[in-house]
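Pulled from TrEMBL, these are the features on record:
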- B:20-44: transmembrane segment (TRANSMEM)
- B:27-181: domain 'DUF1468' (DOMAIN)
- B:56-78: transmembrane segment (TRANSMEM)
- B:105-125: transmembrane segment (TRANSMEM)
- B:131-151: transmembrane segment (TRANSMEM)
- B:158-178: transmembrane segment (TRANSMEM)
Amino acid sequence: MDAISGLLGGFAALANPETLLYMIGGFLIGTFFGAVPGLTSVLAIALLLPLTYSLDVTTALVACASIFMAGMCSGSITATTINIPGAPSSMMTALEGYPMQQRGEGAKALGHAALGSMIGGSLGALLLMVMAPLAADVALLIRTPGKFSLIAFALIVIIISQRGSITKGMIATLFGVMIATIGIDVVQPLARFTFGTGVLVQGIDMMPLIIGTFAISELLVQADSRSTRTVDPSMIKAAKVRRRDFIPPLSEVREIGALRYLKSAVIGYAVGILPGAGGSMAAFVSYAESMRSSKHPERYGKGNPEGIAAAECANNSMCGGAFVPMLTFGIPGDPTTAIVLGVLVINGLQPGPQFMTQQLDLIAPMFASLFVSALILIPLTLYLLGPYFLKIVSIRRDVLYSSIAIVALVGSYVATYSTFQMALALVFGVLAYYLRKQKYPTVCLLLGFVLGPSLEEYCRRALSINDGNPLIFFTSPDSLFFIALTAVFFYFMVIRKPKDRGLGTPPAG
Amino acid sequence: MSSERSLKPSSHPSSRRPTLGGEFFVPAVLALITLVYLISAIQLGPPMKAGNMTASFFPIATAILMLVALICAMVHALRGRARASAESSSVDTESHAEIPSGRQYAGLSLGAIGVIVLTAGYLLAFDLIGYFVATFVYVLLLCCLFGGGFRDKWLTKLVAAVAITLAGYLLFEVVFQVRLPTLWSQ
């Protein structure tokens, strides 16, 4: 009963004009970053991170949630109209949306994408509200050896989900773990890897790593391009959409069916809970399942609204699922929730099993923001801004990237009022640029950095309370469960690889 | 112009031997960093004491795993090069994809080098001459880099530099009350 009133209190918190403003502002920023090819909602949230030092934690979380939700659906805009997915999660949407655009049904495709996103996002947020307290109760049962095995499971799944580049995923993850060991040891008061400098004693802050990996490296990548605008203006003229065509016909919605929407939402939510999977994996799995179970699989790839609905419903539902492990176990499975974890840590909060009950008043507005963003802001934004989307995202690159550079660098300065953090952001940016060029998943670097200290701490604590006997990991039931789960995932994802079905490999994230 | 430049190196593809690129050098550099890390970890002390892990155990284990993975990546790169070398005599289509579109220095394009140099300069100037002057000059130069030089639409770039500097000031100093360095506060 307390939990229900706490969750309802989250919706009431959105009535605060300042919180509402940040939710709407976050949604519009997320829409812009998700729609512009090359930019992602992860970058938008990364740029918001420094500002959370001055923001109220609830407001910051509300803004993060709306950016996350907006970023997942807005990638479909450029995916449909000009066949360039604004975000990796919209690759499947491009397969069906662009053929519809070529038939003159681009607005209708965007309408189907928005409807799928709206249903998936709302169901994902509802499932989060229902499941997170239950997951928190389960999390309370997990002891120290089990916590180690759970984090090890998360890291291994993150690595093996990098299909085709497991070695690179492992290298990036371990490099993140190595960076995290710099500074004071997690158990003893001993400084490690400071190389005689005082500035490294406190360790590497998450902020320069995030800003460098996602913002500075993007600037370096974009510096290679010679175009002056993010989207070619000639493509905009060829891709006009009218507001009255946005509403998808009821007959087509009926043909897709409530079951398809529901199944896609559940798939997206379940994929979201898995570490390292992300929106593109959710859309891919849901699209493949939709094609497999469709009455007309031959229509796929030729402009089928069913495929758009399945992909968009799943990638938005993923948003709700992704928060479950982060809030209940303190284990983020994707970069967005890792940054949200950073927001919480900056404000002195540590997610875990008791977090859901003790701090529900702080996080309930974030749940409400996810739900309201999906149910109201997605269709409203499409209707109001839909016809102007392409003009908005076709922005001068010099203005866009200069602005990003200033927000990123000055934002790094905010944490300690020192240019050392800015310099670290530049160093990590250059490093991430090289890694990205060689197709190393930088998401793994961040997740290794975030999860590494907990992995070491639980491992050492588990062994010290059992006289250094490693068998504790196999005799403790919770630990054994996660080891068995790791083996199952390893078998199905590495030894017996999933069938490709001719759809290609989804990118991570 | 750019297509002409990108095609030049492939004029005699069969005579060109595929070189070791970033696929090999990135793990090689990481291996060097890991070796330094491993030596520092060993210097922390023995990994186990009285049956318990010490502060050096986890870093040593991580470094060893990392070195194994990096060796695998380097071997993979060497094998790829050998395969490409064998294929280049018969098929040169794939080698076209490997050719960079512009000049590269240490794996960095001229644009990326420009961003790094400008950003490093900005970091030095930020504390010395304050937010306003440093940011205005940095944004103006970045606008030139991303917008194809200063001559093209120079007035727009100048206005953009002023506007972004002011917007940054409003966002950080006024809205979020972050004290930014100024020229006279030093």
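Every residue gets a Cβ built from N, Cα and C, even glycine.
Listed stretches B:20-44, B:105-125, B:131-151, B:158-178 were compared with the transmembrane segment (B:56-78); the greatest number of C-beta pairs under 8 angstroms is found for B:20-44. Long-range contacts of the transmembrane segment (B:20-44) within the same chain: residues 54-56, 59-60, 63-64, 66-67, 70-71, 73-74, 76-78, 80-81, 98, 107, each at least 6 residues beyond the stretch ends and with a Cβ under 8 Å from a Cβ of the stretch. Mean model confidence for the domain 'DUF1468' (B:27-181) is a pLDDT of 87.
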